[in-house]
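Before any comments, here is the structure.
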Amino acid sequence: MSDQPDQPDAAAPSDAAPYDALLLLSFGGPEGPDDVVPFLENVTRGRGIPRERLKEVGKHYFLFGGVSPINAQNRELLDALRKDFADHGLDLPVYWGNRNWAPYLTDTLREMADAGHRRILVLATSAYASYSGCRQYRENLAASLAVLAEEGRPVPRVDKLRHYFNHPGFVEPMTDAVLAALAELPAEVRDGARLAFTTHSIPTSAADTSGPVPGHGGGGAYVAQHLDTARVIADAVREATGVERPWELVYQSRSGAPHIPWLEPDICDHLEDVHAAGAPAVVMVPIGFVSDHMEVKYDLDTEAAAKAGELGLPVARAATVGADPRFAAAVRDLVLERAATERGLSPRRCALGALGPSHDVCPAGCCPARNPLPAAAGLD
Ligand SMILES: CC1=C(CCC(=O)O)c2cc3nc(cc4[nH]c(cc5[nH]c(cc1n2)c(C)c5CCC(=O)O)c(CCC(=O)O)c4C)C(CCC(=O)O)=C3C
Ligand SMILES: [Fe+2]
């Protein structure tokens with residue numbers, strides 16, 4: 001037909017069809033001392049965080065010159081993704097936008113819309129289900145898309161990649177990181193070292209309602225998913241070292257008002273407890289995080305390390321996946337999997353552990369908010 005609109009992409013469909021771009025969606029962080037306070041205001045707007053806690057967290061950033069490592073780490077991840085895609089003939093442009101700092105999500109989505117992108121797949125730098133790790137990202141997507149609509153721009157359709165906490169490309173680099181951390185410990189305490197898997201504490205009410213369906217037990221999908229990943233890593237470490245080590249899931253980075261219950265125990269209390277019980281060493285494994293950002297650099301490498309120093313307890317900290325090429329390859333796998341699913345095929349869905357691959361589309365009621373806002377990339 002002569003009056004057909006221009007469809008440049010239709011002429012050369014890539015394996016990622018129907019998607020025409022990938023958006024790396026992250027938290028964002030300050031890049032200098034003047035950014036710290038406005039960044040914290042962005043993060044905590046309407047979240048009811050006590051002033052004292054904000055002052056305290058501001059100090060963590062100032063200790064590092066007001067620079068969060070997270071943006072540099074996302075730039076590295078972007079490079080790793082682009083390289084992996086290019087090396088494997090996947091022709092899919094990769095963009096980057098943040099919830100709380102430049103490059104802001106709205107600006108990136110505007111740039112993507114103006115460049116003609118209409119079906120965008122989103123990779124969030126958060127591997128697990130929870131309001132903070134999933135729906136809040138979806139709310140920010142909806143808010144940014146609403147701005148584009150107000151501006152009279154075409155509004156792209158956005159879909160979010162499934163949770164990847166149990167993808168081998170996320171789990172295997174962390175298993176290697178635990179082995180590397182064990183090797184850093186003095187030889188005489190290595191075999192007795194306990195593994196402390198750590199993640200961000202969240203209010204127990206948010207944990208209990210996390211995920212698509214009730215029935216995960218106390219702590220909801222958030223805790224169940226972390227326990228599944230921790231168990232897979234602990235098993236692989238046992239296989240690799242021939243040593244059975246006690247492990248547990250502990251928490252860090254608690255904020256919020258003191259009278260509201262959050263997931264416990266805190267990593268510092270845990271170090272005290274296991275030291276008192278005679279543990280010779282601990283490896284801290286931050287499975288809750290995708291890169292070594294401020295939660296890892298301050299709360300583990302600074303605060304928990306100081307606590308261990310006080311106790312005279314040898315500790316080592318395992319690295320997060322960051323820009324590991326296996327993680328980049330996992331993202332490619334997830335992109336191709338989702339694209340194939342959207343084309344009506346039934347691709348192989350990689351997952352380790354007992355829970356199996358997560359849902360592609362968040363069902364209604366998934367990871368509910370206290371004060372509901374419109375959310376994109378889900379059924380409500
Ligand atoms: C589950 C979860 C993740 C993991 C999933 C994901 O990655 O998304 C995460 C990541 C991150 N959290 C970050 C920073 C902050 N989080 C805060 C506050 C909060 N986080 C929460 C949860 C989570 N947070 C919650 C329930 C709050 C309370 C306020 C609220 O209910 O919203 C605050 C306010 C001050 C404070 O209270 O600590 C800050 C500064 C950074 C950037 C680090 C950097 O700059 O390198 C990252 C990657
Ligand atoms: Fe946070």
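Cβ coordinates come from backbone N, Cα and C, glycine included.
TrEMBL has this to say about the protein:
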| type | residues | note |
| --- | --- | --- |
| BINDING | Ser68, Tyr137 | Fe-coproporphyrin III binding site |
| BINDING | His200, Glu295 | Fe(2+) binding site |
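Only Ser68, His200, of the binding-site residues Ser68, Tyr137, His200, place a Cβ under 6 Å from an atom of ligand 1. Look at His200 (Fe(2+) binding site): DSSP puts it in a strand. Between the CA atoms of Ser68 (Fe-coproporphyrin III binding site) and His200 (Fe(2+) binding site) there is a gap of 17 Å. Distance between Cα atoms for Tyr137 (Fe-coproporphyrin III binding site) and His200 (Fe(2+) binding site): 16 Å, as a whole number. For His200 (Fe(2+) binding site), the same-chain residues lying six or more positions away in sequence with a CB closer than 8 A to its CB are Ser132, Gly133, Tyr251, Gln252, Ser253, Gly288, Phe289, Glu295. In the three-state DSSP scheme, Ser68 (Fe-coproporphyrin III binding site) is classed as coil.
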